[in-house]
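Q: Handing you a structure now.
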Amino acid sequence: MKDIKTYDNKNILVLGLGKSGFAVSELLLKLGANLTLNDKADLDKNEKAQELKAKGVRVIGGYHPVDLLEEEHFDYLVKNPGIPYENPMVKKAEELDIPIITEPEVALSCSDAPYVCITGSNGKTTTVMLTQRILDHHLQKTGHHAYAVGNIGVPISEVVPKATKDDILVVEISSFQLLGVTDIKPKVAAIVDIYNNVHLDYHKTFENYVDAKLNVTRTQNSDDYFIANFDQKDILAKEKEVSPAKMQTFSETDHNADYFIGDEYLESQDEKIMKIADIKLPGVHNLQNSLVAIAIAKLMGADNEDIAAVLSTFTGAKHRLQYVTTLDGRKIYNDSKSTNIEAATVAIPAFKEPEVLIAGGLDRGFTFDDLVPLFKKHVKSIVLYGETKYLLADAARKAGIKEIVIVNTLQEAVPRAYELTEPGDVILFSPACASWDQFRTFEERGDYFVRFVEELKTK
């Protein structure tokens with residue numbers, strides 16, 4: 001870890017505990033900062049908060065001490081990415097011109113290990129996992145490692161102290177995290193895709209959302225690389241305006257891109273890299289994710305043998321077209337990460353077999369007309385639950401689906417979907433909606449889906 005002096009003896013307020021709040025607090029202590037930790041939750045019995053308190057951190061829980069920002073001098077406010085900028089502490093810090101930063105920027109500023117950053121509306125976690133595995137396969141030959149960190153669930157601050165200059169950090173970075181970033185310099189940055197109707201409750205407008213995503217490349221150097229989606233022309237034009245890095249592109253269909261999906265192979269302008277039939281992950285979107293991972297991994301030193309070793313064995317990230325089981329000839333997949341319409345549009349065409357689809361969730365005020373052509377082509381029957389069940393049913397009727405079953409809960413939906421199938425079919429859980437009407441997170445929703453599938457085996 002670099003012994004930077006940026007935060008040495010500086011007064012810093014960490015806003016929001018959580019996983020990343022705890023990790024960045026520990027890192028800042030190592031860097032010599034004077035810390036105050038604040039969370040609106042009561043922290044008196046919180047083990048992590050008390051652990052920090054024992055190390056000299058001032059811990060304030062149960063409320064936001066807005067006046068404290070005026071009464072005392074703070075050099076930085078480190079904000080948990082999930083906390084909106086409307087938060088009174090954040091607003092007051094802005095009024096007082098206190099720099100507001102996030103955990104990734106703090107951690108990456110002192111990383112000895114080179115790092116790559118991957119973001120996107122859909123596909124970033126799978127791409128991060130593929131990239132990390134390929135690079136780890138490459139680095140293990142010399143006794144070193146690639147670490148998957150960031151929005152994937154492992155705070156960057158947790159890994160930076162142990163990662164050496166010969167390791168590589170593969171960082172999944174979200175729009176929430178990027179919004180607060182002012183200066184990161186990944187060796188390679190990538191935007192897998194950008195879609196509308198994603199996190200607009202946080203960013204307010206699509207333009208704000210795109211601007212946040214572009215922070216992944218905005219402060220790169222001219223000898224760094226940026227991987228861009230050749231098929232999203234409007235976004236590509238903005239990326240070309242903003243990015244100072246050397247650009248490489250990938251495409252599903254256009255063979256003018258640097259990396260593309262050929263008839264039988266994943267290809268670059270220079271070579272055929274890997275036979276598509278040998279890749280375990282289902283769906284065209286996962287071939288695109290694979291192209292991004294390949295582009296990054298090659299720039300960081302991996303070869304085709306490293307790539308083949310991973311792509312021929314990796315079966316997917318949890319909750320992302322995750323294969324669950326085969327039950328009486330029916331393959332069952334958990335795609336709970338499908339929290340928006342765009343995610344469902346890549347999951348539904350992923351299979352050649354007839355599909356019974358389970359969908360539904362939080363109503364964000366959208367129609368589902370964009371799914372009608374896919375319903376018509378791929379879905380033989382559909383089971384719907386949650387706040388959006390009737391809106392989805394309208395789209396299913398427009399598609400001419402004859403068997404439309406409406407239930408109240410996911411627990412009811414799973415056995416009903418099984419009843420509609422026959423051997424050779426696929427049961428696909430791809431909600432096309434956020435989980436918050438009935439579940440706390442998409443992970444919790446996916447775990448319950450798997451549990452309900454297991455219950456089918458006992459009936």
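Cβ atoms are placed via backbone N, Cα and C, with glycine included.
So Swiss-Prot lists the following for this protein:
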BINDING   Gly120, Ser121, Asn122, Gly123, Lys124, Thr125, Thr126  ATP binding site
Q: With the ATP site defined by Gly120, Ser121, Asn122, Gly123, Lys124, Thr125, Thr126, which remaining residues of that chain have Cβ atoms positioned within 8 Å of the Cβ centroid?
A: Thr127, Val192, Asp193, Asn289
Q: By the DSSP assignment reduced to helix, strand and coil, which category contains Asn122 (ATP binding site)?
A: coil
Q: Which residues of the same chain, at least 6 positions away in sequence, have a Cβ lying under 8 Å from the Cβ of Gly120 (ATP binding site)?
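A: Expected: Thr127, Ala190, Ile191, Val192, Asp193, Ile194, Lys213.
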Q: Which one of the binding-site residues (Ser121, Thr126) has its C-beta surrounded by the most other C-beta atoms within 10 angstroms?
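A: Buried the deepest by this measure is Thr126.
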Q: As a test of the contact definition, list every same-chain residue at least 6 positions from Thr125 (ATP binding site) whose Cβ is closer than 8 Å to its Cβ.
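A: Within the chain, Thr125 (ATP binding site) has Cβ neighbours under 8 Å at Asn151, Ile152, Glu172, Ala317, Arg320, Lys337.
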Q: Any same-chain residues 6+ apart from Lys124 (ATP binding site) with CB under 8 Å of its CB? Would you list them in sequence order, or say none?
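A: For Lys124 (ATP binding site), the qualifying residues are Ile118, Asn151, Glu172, Ser174, Val192.
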Q: For a quick check of packing: other C-beta atoms within 10 Å of the C-beta of Gly123 (ATP binding site), how many?
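A: Gly123 (ATP binding site): 23 neighbouring Cβ atoms within 10 Å.
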Q: Please list residues from the chain of Asn122 (ATP binding site) whose Cβ is under 8 angstroms from its Cβ, counting only those at least six apart in sequence.
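A: When sequence neighbours closer than 6 are ignored, Asn122 (ATP binding site) has Val192, Asp193, Tyr195, His285, Asn340, Glu342, Ala343, Val346 within Cβ distance under 8 Å.
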